[in-house]
Amino acid sequence: MSKTIVVKIGTSSLTQPETGQLALSTIATLAETLCDLRQQGHRVILVSSGAVGVGCGRLGLMERPKTIALKQAVAAVGQGRLIRIYDDLFSIIQQPIAQVLLTRADLVHRSRYLNANNTFQELLNLGVIPIVNENDTVAVEELKFGDNDTLSALVASLVEADWLFLLTDVDRLYSADPRSVPDAKPISLVSSMQELTDLQIQTSGQGSQWGTGGMMTKISAARIAIAAGIRTVITQGRFPRNIAKIMQGELIGTHFIPQPEPTSARKRWIAYGLIPSGKLYLDSGAIAAITKGGKSLLAAGIKALEGEFDNQAAVQLCDSHGYEIARGLVNYNSQELEQICGRHSRDIPEILGYAGVDTVIHRDNLVLI
Ligand SMILES: Nc1ncnc2c1ncn2[C@@H]1O[C@H](COP(=O)(O)OP(=O)(O)O)[C@@H](O)[C@H]1O
Ligand SMILES: N[C@@H](CCC(=O)OP(=O)(O)O)C(=O)O
């Protein structure tokens with residue numbers, strides 16, 4: 001049966017660790033593997049990092065740029081070169097590709113989010129392999145994915161993929177960074193989000209020299225993907241042929257089993273497409289009501305808030321330690337909420353001087369994280 005597969009490859013797999021030069025054999029094998037998957041009737045998207053790393057190689061820079069302007073300039077050099085290499089390789093095996101450069105803003109606005117999905121669907125219907133990266137050259141700090149692990153999970157969620165492969169320079173996830181903790185335990189299977197939390201994996205390292213985010217961003221990517229019902233695998237980029245073996249049932253790498261009842265597409269957009277612009281701190285009664293009772297959030301359960309936001313903005317819902325539990329769209333702006341937090345809904349008209357809605361966040365607009 002035809003599956004939709006998103007494969008993300010990190011800079012650490014695309015380049016040689018010693019020299020920073022491109023790992024040509026890996027890239028060529030990846031191109032052949034993805035082309036084979038296409039020929040078997042699967043729909044394939046590649047999310048490729050490497051613009052900054054390849055740009056540095058081209059310009060002879062020996063370390064990742066620190067300033068934003070330099071990083072953006074280097075990415076402009078590297079992205080063109082990267083896509084040219086992909087196009088050369090895929091052209092040899094007669095597989096059309098497309099370059100799709102996204103910024104965070106493309107997923108924040110609902111219409112742009114839906115439009116991005118339409119474009120992906122058309123490309124996939126045409127048998128093209130879209131090659132996605134963040135548009136690093138124009139992305140501004142406040143509107144950035146920041147790392148391609150998150151970007152790949154959001155793309156996988158957008159197109160409702162069946163599989164997400166995160167290809168990196170370690171063979172799987174470990175209980176701690178195997179570079180610094182040699183006896184770290186390998187993890188083959190993660191059955192639920194709760195298990196992931198219970199494992200208390202240490203991701204202390206920032207990753208390899210050229211990578212962004214290390215394992216931490218891969219774990220958050222896996223969380224986003226499994227909530228969308230997508231089976232997610234962290235595996236080694238040096239052996240792209242393992243992708244086909246994994247799809248045939250081999251337990252290579254670390255597998256994250258998808259949530260049995262995926263969160264709806266609209267709620268996924270609220271949780272991960274939108275950028276939260278404030279925080280609401282809840283009391284234990286409100287936390288129980290939204291997590292166990294599936295209830296809407298009322299003003300009485302809000303202890304404090306942070307940030308300035310408008311009505312209908314996305315906010316994070318946290319416990320008293322600031323640990324995020326849920327996200328949702330507010331029915332009141334921050335000034336109104338300052339006045340009504342901790343108060344009973346029946347008092348709202350008197351406090352504000354006009355009749356508002358009973359709920360601060362209706363359960364249809366509230367997503368547990
Ligand atoms: N718990 C962990 N398990 C495995 N690898 C880890 C862990 N914590 C940190 N790492 C590090 O994460 C690195 C991979 O992340 P990164 O360099 O960002 O790769 P990529 O370029 O593929 O995104 C590994 O080389 C490893 O050193
Ligand atoms: N968009 C950036 C990649 C950022 C990133 O997440 O890198 P990596 O950790 O190597 O996957 C680039 O193309 O260089």
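Backbone N, Cα and C atoms are what each Cβ position is placed from, and that goes for glycine too.
Note: TrEMBL annotation is automatic and uncurated.
Record features (TrEMBL):
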- K8, T168, D169, T212, G213, G214, M215, M216, T217, K218: ATP binding site (BINDING)
- S49, D136, N148: substrate binding site (BINDING)
- 278-361: domain 'PUA' (DOMAIN)
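Positions of the features from TrEMBL, shown on the structure.
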residue : record                 : Cβ neighbours (10 Å)
K8      : ATP binding site       : 29
S49     : substrate binding site : 29
D136    : substrate binding site : 24
N148    : substrate binding site : 28
D169    : ATP binding site       : 20
M215    : ATP binding site       : 26
T217    : ATP binding site       : 24
Next on the checklist: Near ligand 2, which of the binding-site residues show up if the criterion is a Cβ under 6 Å from one of its atoms? Options: K8, D169, M215, T217.
Outcome noted: none
Checklist entry - Measuring Cα to Cα, how many angstrom lie between S49 (substrate binding site) and K8 (ATP binding site)? => result 8
Checklist entry - Taking the Cα atoms as reference points, how far is T217 (ATP binding site) from D136 (substrate binding site) in Å? => result 17
Checklist entry - In the domain 'PUA' (278-361), how many residues does DSSP assign to helix, to strand and to coil? => result 26 helix, 25 strand, 33 coil
Next on the checklist: If you pair up every Cα among S49, D136, N148, the residues annotated as binding substrate, what's the maximum separation in angstrom, rounded to an integer?
Outcome noted: 11
Checklist entry - Where the distance is taken from Cα to Cα, which of the binding-site residues K8, D169, M215 turns out closest to D136 (substrate binding site)? => result K8
Checklist entry - To the nearest whole angstrom, what is the C-alpha distance linking N148 (substrate binding site) and D169 (ATP binding site)? => result 15
Item to check | Across the domain 'PUA' (278-361), average pLDDT on the 0 to 100 scale | outcome: 94
Checklist outcome for this item: Listed in sequence order, the binding-site residues from D169, M215, T217 whose CB sits under 6 Å from ligand 1 are D169, M215
